[in-house]
Amino acid sequence: MRSSFRGLKLVAPFLIALLVNGLVNVHAGDMSHRYGGRAAKHQPAWVHQFLNLGTIFTEDMRELESVYEYVIREVHNKAPEGRFRVNTTASTLLTDDPFNLTRELCAQMAKGIMAMMSPTVNQSFETVASISNTFHMPFVTSEFPEVARSRPALFGLAVKPSYLRAVMDIINYYQWPYVIYMYNSNDGLLKLQQLFRMSMDTNVEIKVVKRIENPEEANDFLRDLEKPDSNCTQGMTSLICESHRETRKYVVLDCSADMARDIIVSHVRDVNMGRRNFHFLLTSLVMDEYLNNRILELGVLNVTGFRVVQPHREEVRDFIRQWQKLDPIKWPGAGTDYLRADVALLHDTALVILDAFSRLLKNKPDIFRNNTRRGEIYNRGQRGVDCQGNPTVPWEHGEVIVDYLRSTNIVGLTGNISFDDRGYRQNFSIDVVEMTTNSEMVKVAEWSDHQGLKLFPPKYKRVRLDNEFENKTYIVTSILEEPYLMEKRSENGKELVGNERYEGYCKDLADLVTEHMRIGYILKLVNDSKYGGQDKNAPSGWNGMVGELIRKEAHLAIAPLTITSARERVIDFTKPFMSLGISIMIKKPMKKKPGVFSFMNPLSQEIWMCIIFAYVGVSVVLFLVSRFSPHEWRYEETFVGPSVSNDFSLYNSLWFSLGAFMQQGCDICPRSVAGRIVGGVWWFFTLIIISSYTANLAAFLTVERMVTPINSADDLAKQTEVEYGTLESSSTQDFFRKSKINVFARMWEFMSARKHVFTQTYEEGINRVRQSKGKYAFLMESTKNDYINERQPCDTMKVGRNLDAKGYGVATPLGSTLRDRLNLAVLQMKENGDLARLENKWWYDRSECRTTDSKESAQNELTLSNVAGCFYILIGGLVLAMIVALVEFCYKARMEAARSKMTMYEAMRAKVRMSITGTQNDRPLIGGRAPVLPGSYSPPPPPLHHPGLLPPLDGDRLSVNTHTQV
């Protein structure tokens, strides 16, 4: 037997409480229906039989011990006097002493117990199961550990449902790609093995597994996930190395209910930890109804859990009402208006035992008659069950009792209670509840061992908004920044006091918000003139307005405070009241006046060159096809004889193409098919080109365009001539530093290599833009950019689209009850157009650049500079024509002088006289004949054909006879 004890000590290293001895005088027929029995109509013969029950509790189970005693008392009160009596003897043990546990169990069996009961046997299960299996001693516990699946307890039952399959169903329902599994016991490791097997049929990956010993260790691990750069070492999982503050983290927390609560509370209260990017799935029964009111930290996290106690059921309400009336001094743990899961499970554990013995004694009233002698229980002739007996003598009624226990079918505080052949709970259902930020606990599904997950449409209930803060005065912190908040100048010299000292967008917004909420406010400036960033030297770890909200120095912050994930972890924001993004500010370029040849702008230089080449090409093709086509040759009979001619010489072809392009035409047209094809396609070409040119000409002549060197972030990234920068230590700088987009990453490389491009204030950046003559661009928030562009000297402008999207929100301390009312007020003002009206009032209605812009936009008439090029071309053409005419005049005069043997002067004088008078009078005679002047007759050239032959009569013959002359 000593060797068996030594083996038991090795098998069960840990201990938990079980089973004390009690002597119960039972009349099961008088038990109420609530406890599974029926009221007897007559007094049976087994009135004074006894029931001995052993129970064990540990030192920290005073509340559970009170519940057990309460259940026994209720049985006494509901049974007639003298027919049902329970005497309880409790033993207090240490949870990690298997030797003392074995000794105590053997001592209780020696006293003649008929069954054992304990709240939990997780760590000492193997010790209890070994004794129970050896001596056929039935025992009922609140929960079986996972090791019971491989080493079952043949005579044991567990009241707590086994719902590990529900954990995987919930993970699949949320479609989590991976989970972070944290556990604190060997039992959790066995559950992990089952989850691994279940996940093989799904796409869920268990990436990180961490065993924890206390809440501090758990939160240290979660904090490491928030800062991977300093913790990514060789051997760590890829999740830790890839994780950062913005990534979603799905945590399965498998630990005791008390530890789970402590982990969540410390997680929320840690200002360096993320909140809204975490989603916890609690495997223990933490989600009792009372937690929603007593742990406010759950309201800022996404938490999903299971609930075995359904608070709306009548049995639960009755118990809570009676439990609340008890004196907590006499009944430790009583006097509360809530019910914990472990309390409900222990209540049902005692209920199962009482119901089983009630049915057993009803059906077999004489079963224990031969075992009872002088108030003591004997087993097969021996007093009690002897652990040291050789051979081992098991409890003779153990198998019958365990059969009645497993046939239980009652309704307790945890719902329907029945068991399978292995002693596990069956035919049960548990609630799946969820809590999201600022919403009460809501039931989203129900899971049962037969049907699995049954979803319910989530009807989220907002945290109750009462009127307790109405008509109160709250402190609103803000910061001076034009046009959001500015110091107001007194118009009549009267000193301004209170909120009237300020004006601006945020001042008007504060007025509207507080008016909607019917509260008063005091506007104060932030002490350190900062918006709010992490600062190790600050008392709360944050400076500026964010720090004041954390330290509860202000109730609200109404300012251009950007909503970021880092700030969202330590304070709450409303819906954005203004949307914005990062934009580019450049110096406004001078408007380019139209040039002399601005009429050419509607078409690019490439098109003009193509038109010239097309013009020349068409003229040459028309000349060639006309020379080779017989239909273009014409036979003419002159007074000097017959001749052939072709209208489309090279000069005439150029003239025809030019006339068609200018939409004027000429006196000659092609007669051949080939020539008409050439002319037709040229006319179609000129129709499209002239129509397109005319359509664009008006816009180019009447609009003075601003040519900007930079139009987008891509243009900035592709060049190095124009420098660009941001405000030092700003969210804009962080955006470029952390961006993974190629364009923004290249921009950050450029800026980080040139530290001088960063500015310390917005004013410095704006002044640098104005003084850089277009060689510097400033990256800033779009709202500030728009406002500066509307102020004198009106020399800056915004280009391109916003590089990101974010918003300004009203900030409150974490968990503030004002947040929901503020959200509703902001949404209502947005729907009513109040926010748009405020933006127009402070940005555009007060613009200092509107007059100039309206004047320029109304200028539509053409000026001489718009069409000066046309006049230049006209004058140039006239001058060119006169020069060509003079050259022709001189050339012809020289030719005549040479032919008529006269001087150049005489020939030019004769031509001038004829050009002026139009006659040839007073022609000088040289060599007996007058010189040939324009209009005089010259002898014709010799005839082309023999005088005796007739000229050709058709085109074919003409082409044959004249080809040699072409």
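Cβ atoms here come from the backbone N, Cα and C positions, even for glycine.
In the record from TrEMBL, residues Pro560, Thr562, Arg567, Ser731, Thr732 bind L-glutamate; the candidate from Glu503, Glu781, Glu790 listed for the same site is Glu781. Disulfide connectivity taken from TrEMBL links Cys106 to one of Cys241, Cys255, Cys387, namely Cys387. In the disulfide annotation of TrEMBL, Cys849 is paired with Cys794 out of the candidates Cys669, Cys794, Cys890.
Pro560 (L-glutamate binding site) counts 19 other C-beta atoms within 10 Å of its own C-beta, drawing on all protein chains shown. Of the listed disulfide-bonded residues Cys387, Cys794, the Cβ environment within 10 Å is emptiest of other Cβ atoms at Cys794. Set side by side, the binding-site residues Thr562, Ser731, Thr732 differ in how many other CB atoms lie within 10 angstroms of their CB, and the most is found at Thr732.
For the pair Ser731 (L-glutamate binding site) and Arg737 (site 'Interaction with the cone snail toxin Con-ikot-ikot'), the Cα-Cα distance reads 10 Å.
For Cys106 (disulfide bond), the nearest neighbour among the listed recorded positions (Arg567, Ile710, Cys849), judged by C-alpha distance, is Arg567. Looking at Cys849 (disulfide bond) and Thr562 (L-glutamate binding site), their Cα atoms lie 28 Å from each other.
Separating the Cα atoms of Glu781 (L-glutamate binding site) and Cys794 (disulfide bond) is a whole-number distance of 18 Å. Thr732 (L-glutamate binding site) sits 77 Å from Cys387 (disulfide bond), taking the C-alpha atoms as the reference points. Note: the Cα of Thr562 (L-glutamate binding site) and the Cα of Ile710 (site 'Crucial to convey clamshell closure to channel opening') are spaced 27 Å from each other.
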